[in-house]
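K.L.:
Below: one structure in structure tokens.
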């Protein structure tokens, strides 16, 4: 029987309007101090793990009570996740740390259907959440009372400099006709959902960034893990699961010449990735984080539409902000370019500061615009990059089975999520009696759709894809039995 353990902490809010405070994220002018109250559900007599699979916090924002539901991001690390640094004599030192009991969560705000959250619970709560259309940041306060946290909007953080920060990508597709055609296709809401894709990510940290954080590997690791957790959350609406495969820190020297010209650095990094990094471990996309100030106020650069290419599936990003969230947005932006997304056209896209905006904004969004979604859908249709089709093997994702993490793990028949799921039993992650399926383009009300039912409309020369009548999956290229 599940009992609710209530950790009672005095719930208080002290808005310091007009005051200024220096946080890890920078100098903040307008913020609230909150004392979250934690509610967690554990089986009677169970030993509480350091980081629970699911947690709930209650606090107030602008005088209104909010309930933050969090679930551990179980798919964040591959089973063979590795970390590499280098000794003074140049030896490569690679370790395979245990990351099963990590502290990175995603979630939502209760009774806010449009809400999202990406939170690190390593030392208090740090990250962001979206509430009633606004993005808020939360982080612990360094006070004698360790439970105190600051909640604030990103635009209330003082700018670190006045120069506009922008992506250096200027190339465009030769024509946008395919984009227009893709957006005009008639698809049912179910068919419009993006197919599940999986990206195994490699992060490389250059020597300049390593020394920027006092040559402290633990600080680098924590910062990168928070970034990847944020990227994972931002990619979820596109049905993309991000898994961190490796972290390579150039602790003694750079292995390429990191230059002020971002495209040149990306080219050199792509060469090194093809020659060296891919031979260490298989992955789909790599990004170089650097402390270098790129020319022309550029903070990132990536090749357009080159996902899965051994040389060109790369991006370079300046560690341009003390705020993890902002650097993570830039990393997601460059990943978006690799997935075929161009910059948002301010006259055509109904999003002032979405992820693919060419210039970073004071009111930066964590969302992809409709334009970006159209570009991505067209890229999948026209290019169908093969490396991101494969789900991690059930033994490749570090986790014990837990519902709602978007990975089908060992022992699971379905990823159940909510206890109200009519097809999947949330307690066992098994299909309910009489159910054939729980999700998929060929699943309808827990049953396989009839044979030959169209599950994906024809694109170009490709025929309609049709259900087999024996699976919830929609096979490619009209292959049905």
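A Cβ is built for glycine as well, from the same backbone N, Cα and C atoms used for every other residue.
In case it's useful when we look at the structure, here is the feature table from Swiss-Prot:
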- 1-20: signal peptide (SIGNAL)
- 197-392: domain 'Peptidase M12B' (DOMAIN)
- 308-387: disulfide bond (DISULFID)
- 333, 337, 343: Zn(2+) binding site (BINDING)
- 334: active site (ACT_SITE)
- 349-371: disulfide bond (DISULFID)
- 351-354: disulfide bond (DISULFID)
- 400-481: domain 'Disintegrin' (DOMAIN)
- 414-429: disulfide bond (DISULFID)
- 416-424: disulfide bond (DISULFID)
- 423-446: disulfide bond (DISULFID)
- 437-443: disulfide bond (DISULFID)
- 442-467: disulfide bond (DISULFID)
- 455-474: disulfide bond (DISULFID)
K.L.:
Going by C-alpha distance, which of the recorded positions 337, 349, 371, 442 is nearest to residue 387 (disulfide bond)?
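P.N.:
Ranked by Cα distance from residue 387 (disulfide bond), first place goes to 337.
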K.L.:
Could you give the Cα-Cα distance between residue 333 (Zn(2+) binding site) and residue 354 (disulfide bond), in whole Å?
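P.N.:
Cα-Cα distance, residue 333 (Zn(2+) binding site) to residue 354 (disulfide bond): 9 Å.
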K.L.:
Starting from the Cα of residue 455 (disulfide bond), work out which of the recorded positions (334, 354, 371, 467) are within 10 Å.
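P.N.:
Taking 334, 354, 371, 467 one by one, the ones whose Cα falls within 10 Å of residue 455 (disulfide bond) are 467.
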K.L.:
On average, what pLDDT score does this prediction assign to the domain 'Peptidase M12B' (197-392)?
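P.N.:
The answer is 93, the mean pLDDT of the model over that range.
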K.L.:
Return only the integer: C-alpha distance in Å from residue 354 (disulfide bond) to residue 343 (Zn(2+) binding site).
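P.N.:
About 10 Å separates the two Cα atoms.
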K.L.:
Name the residue among the disulfide-bonded residues 351, 354, 437 whose Cβ has the smallest number of other Cβ atoms within 10 Å.
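P.N.:
Per-residue Cβ counts within 10 Å for the disulfide-bonded residues 351, 354, 437 bottom out at 351.
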K.L.:
Reported as an integer number of Å, what is the Cα distance between residue 414 (disulfide bond) and residue 337 (Zn(2+) binding site)?
P.N.:
32
K.L.:
List every residue in the same chain as residue 474 (disulfide bond), at least 6 positions away in sequence, whose Cβ is under 8 Å from its Cβ.
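P.N.:
Sequence-distant Cβ neighbours: 195, 440, 441, 442, 455, 456, 465, 467.
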K.L.:
Taking every protein chain shown into account, which of the binding-site residues 333, 337 has the largest tally of Cβ atoms within 10 Å of its Cβ?
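P.N.:
Per the Cβ count, the most surrounded site is 333.
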K.L.:
Using DSSP with the three-state reduction, classify residue 423 (disulfide bond) as helix, strand or coil.
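P.N.:
Where residue 423 (disulfide bond) sits, the three-state DSSP reduction gives coil.
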